[in-house]
Amino acid sequence: MPVITNIADLKRLHASRVPRMFYDYAESGSWTEQTFRENTSDFDQIRLRQRVAVDMTGRSTATQMIGQDVAMPVALAPVGLTGMQHADGEIKAARAAEAFGVPYTLSTMSINSIEDVAEATTKPFWFQLYTMKDTDYVSRLIQRAKDAKCSALVITLDLQILGQRHKDLKNGLSAPPKLTVKTLANLATKWSWGIEMLRAQRREFGNIVGHVDGISDASSLGAWTAEQFDPSLDWDKIAKLKEEWGGKVILKGILDAEDAKMALKVGADAIIVSNHGGRQLDGALSSIRALPSILEAVGDQVEVHLDSGIRSGQDVLKAVAMGAKGTYIGRAYIYGLGAMGQPGVTEALNVIHKELDTTMALCGEVNVADLGRQNLLVPQDFEGRWQD
Ligand SMILES: Cc1cc2nc3c(=O)[nH]c(=O)nc-3n(C[C@H](O)[C@H](O)[C@H](O)COP(=O)(O)O)c2cc1C
């Protein structure tokens, strides 16, 4: 196994082992990719306060997210087409998360189905729901997630319409890939990916294919989204979905204090401050910059989580010290999965855990629950001065 020292090492391996179409799918933001870039560069703006001569024995990164014990405040974010990054990718990522003791969130747009993942794991995972025009199908999905004993429903609110990623259009992204001259030429250089993929349990959208009638092209994410996603989603519908689910609900994609207040009103158990990893509204604020105003609006009344841009344990520490109760990683574990399958996801989690633990110690803290603004140096105008 190559020596892995950080998430960037896994990203390089991912790029070399996975067909270009799927690497690009993960490594893109929408339009100019400004928000995608700033999600990471804004974390770099925050500095850490080094403290010394503090007894750093007996450290713990363990905490809770929505009342569930987690080994560190990091969950695996829902990522569509994970099973195209590595054969049976959702199963492998879920198993790695379970062994590590962090939550796994399965996307509606996964390759392995809800049932596949439930069968391959022993503890409850979380299910992420995209809302569709076909309400019967949505109800069936919710029922399937209940039957699989999923312990939270993550409803994604920032993708009623798909943000454009130029590379996906140019690459003709689909699952499974369509065999054109260009894709075949690239696949020929990724033979280990191909061999594994031939043995995969599934190569199509497992939650969709065989569960919905009359889809013209289930292999194309763009076509499916345009046809099926519900552009009329509003807070009333969200409240009804919450009722239908009846369990813990996490609302994902909140980037504005007013929306955070609405999420509170419909009774969310947690919200995720997220811009979908810079894949939706290009030009929106980075999640870490949006976090303080949302915490100010609702932070004492609902659990606030954050994703978008986390590439290290230092980033996790910064988000938690700013006030997030939990974080999610998307690309950071996808790089690991593409690089090495399940051991790669474990490696990504190990890297982040070690960085979090060491950084915490050097900041003079022994318990993740004690992290706070005292550990950070935040630029004075970090949130930005925007005109009314
Ligand atoms: C390749 C890819 C696919 C994604 N698919 C979904 C999805 O199906 N559902 C969803 O709610 N979010 C999806 N997201 C967004 C992630 O859940 C998460 O918000 C994002 O990856 C966080 O940013 P990060 O990648 O910088 O950690 C996807 C992100 C990526 C990179």
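Backbone N, Cα and C define each Cβ position, glycine as well.
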Binding-site annotation, TrEMBL, glyoxylate: partner of Y25, H276, R279 in R140, R144, R165: R165
Distance [Cα-Cα, Å, rounded] between I310 (FMN binding site) and R165 (glyoxylate binding site): 20
Taking residues Y25, R165, H276, R279, which bind glyoxylate in the record, the widest Cα spacing (Å, whole number): 13
Y25, R165, H276, R279 excluded, remaining Cβ within 8 Å of their centroid (glyoxylate): S28, G29, S30, G163, D168, G277, G278, Q280
H276 (active site, proton acceptor) to P78 (FMN binding site) - Cα separation in whole Å: 10
Distance from R279 (glyoxylate binding site) back to G330 (FMN binding site), taken between C-alpha atoms, in Å: 12
Reduced DSSP assignment, Y25 (glyoxylate binding site): helix
